[in-house]
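What TrEMBL records for B:19-233 is domain 'MacB-like periplasmic core'. The domain 'ABC3 transporter permease C-terminal' annotation in TrEMBL covers B:273-386, B:661-769. For B:20-43, B:273-291, B:311-341, B:433-457, B:660-681, B:702-727, B:747-770, the entry in TrEMBL reads transmembrane segment.
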């Protein structure tokens, strides 16, 4: 039996207080097995990004318990969370969030420098098909290329988990498919658990597991018996 | 090289304009500190070395006429290590082509050996031959001022006899670093000479065969000068001793000590004020810069960089700017100090220079600015650390303006959207905007204060030379003469008014406070040269006491109604007690006034005068000067224009000269602050502004949104800066005041106006630079990338 990468019990998150309080998560119970390709679906404001932030160690829940493997994330100190992010987690953001003052290769090195078991930055860029653009600055790259650099940066540390928040949100279909392809490769070749947050329902077809989110809670979890390739999904 | 190091380098390059502005603010603060302390240390050290090398006496004992054998008695006083005797006398020079008689002091040197004390430094030509009483060595500064050369001849009147001497050489002496003619306040190279001659020549001229009229004494280490002074006074008393005095009362030393002290005081007060303002600005600028970096910080934390690593990275950025600024300032300070010392060298007539950097000032200057910069950065970083890294995951959320200004009702009709943007932004973050306002206000205050200081110097000149002294010429006599002898001057063609004055050297004492100076005896209601009160109204001199200048009253710690002891150092040398009846305003010197008749009564002398203030018809000036030159009783003639020019030179080249550098520095700081404020505002708003452009706003409208904010902040800073400047003026003017002159703190509309011009110019120029950048910026790029 495969073990779970993440387990949450009654996870809640409230922003603000009093009458202005916003309940982003209203008691989430979830299990995500190791090595799966998981898609979190939901409308804007459904709480999926909040969940991703908490699982990624970027934010904390207001209530409830979160486990990463057998460690309790929700009980970790700031220093331990930093350690956790450094050693286990890769992030891909919707708006790429590259350092504008560093080249593609240097953006990757920013992460490999502090990782425990990183791959060669060149290799990581090769993986996303950008080996020939390694010395370009973000401003010299297209949106899709920037996102691929961001992925290379995230996978270069050989993370156990890869979090992607709307990774194709700002991309056209061709570029978007290429990016999804890279993510799939990372999942299959590196064995990393991949968690994608999106509101594009069609992308669910390529996942092992699809979690539908609504109003701060899990509505439905489905496991796909057959998966489509990025080329086959509708855009 | 690690990617973070590369990022650091590129970030620095990206913000180079701002970095340079910040570094410059730091640099000028450190520059001031290093330059000033270096200057003080160098002058102090040079003076000490010069005195030591030329064996300047520690005690001077003038006397009417003493047989040479008394030198041996002086030498036997315990603690005395060497004694030299000499003859000094008053001389008048008749320079061809110059109507004015010029004053000189004749000083004897031993005929065939070096003097044991008060040696001279020969700068040109040779020393006189011991057996040639017609040869003379003259003070180099006077020779240069008149274009004299060794080999020229000089007409000298001494003791009523006129003779011609051959100039054989020029010399400098630590005794005459500053040479002021008797009866004048301010040294003037043109109008005062020192003539060194053989002892034999001066014995003949002043009828001092086998006698001397001044003893020079040096002390063995650890000897208390006061005891030796009393012992010398006791020995010389019956020969007409005029009171021995220590080196600190030697006029030249007093002057230069005062200058160095003035510099030291300025150093202690002004650079710290500048550094504090610079540090504060730095804090504001750095904290705003760090705010702009929030997203990158969040991102690095998301990757697993620790707070410490992120903090160290940004601290490096801050330190790179602060340290390079401080180092640059330090080096510039050394260079500026060296250059200024060279100027001072000419001015103070040192033959050599010991340049000394005060390493502590370097360390303090750099340490303080680096600390201020780091503190500013750390304070902000601390806030950033408290954030969860999740901010990096989110697309930049719109800033919350819900608590800012609402425009409903009547206002909404008037305000267009760009104006609302400006106003809302100003009110949304009152603390941050307050910081920007205070920052610019600090710059305004500094500039305004320095403008006020420049004006204060002018005011001091005006009060001294236009309000207090309204005469045209001051004449002084060799000895006090009977008042009716002034008749000869009164009847000269072109002389409008003659007012007698009796100046008496005296030591004023009140308890443990003493002051060696002089009392001016004036007529009851003087007209050309007056004592004035704080409202510049003339004070009537009553016969029942003495009037002290405010600075003198302060120094003696005495008030009207108290009794002052006056130890007269002339004639019969009586000691009298007088009540203080008023305090007069004076910005120059530390005068004490008495009514002329009362003064003569106190001296137990018939009515005598030592000089006169003249108002003349300038058309006849040459005629009058020529006539005065031939009056045997006249010791010196000082046209006020000359005195004024000499004084202007003192304030422009001495300690007062640093005011120009300080004003420049204040301007640079002000400029740096405003430029930074504009840059930071631009960085914070780049995305908004690009958004507006995309929506179809024109460049002008965009510039209004950004520069409107800068304009409002600047306008609000002006009154605040005026207040601060008013306060600063008092602190700085106290620092600039010396014993010789007191600088009034005059803060007026015009000085504030000058500061405003600097500020508005800085704002317009910064606005222009920023607008140019906005115009050039790529719209799409600005929307896509975070910055």
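Heads up, the Cβ atoms here are built off N, Cα and C, so glycines get one too.
Counting same-chain residues at least six beyond the ends of the transmembrane segment (B:660-681), those with a Cβ under 8 angstroms from any Cβ of the stretch are 15, 17-18, 21-22, 24-25, 28-29, 31-32, 35, 270, 274, 277-278, 281, 285, 288-289, 292, 336, 436, 439-440, 442-444, 446-447, 449-451, 453-454, 706-707, 709-710, 713-714, 755, 758-759, 762-763, 765-767, 769-770. Put simply, of B:311-341, B:433-457, B:747-770, the stretch with the most CB pairs closer than 8 A to the transmembrane segment (B:702-727) is B:433-457.
Residue counts for the domain 'ABC3 transporter permease C-terminal' (B:661-769) under DSSP, helix first, then strand, then coil, are 93 helix, 1 strand, 15 coil. Broken down with DSSP, the domain 'ABC3 transporter permease C-terminal' (B:273-386) shows 98 helix, 0 strand, 16 coil.
Computed over the domain 'ABC3 transporter permease C-terminal' (B:273-386), the whole-number mean pLDDT of the model equals 78.
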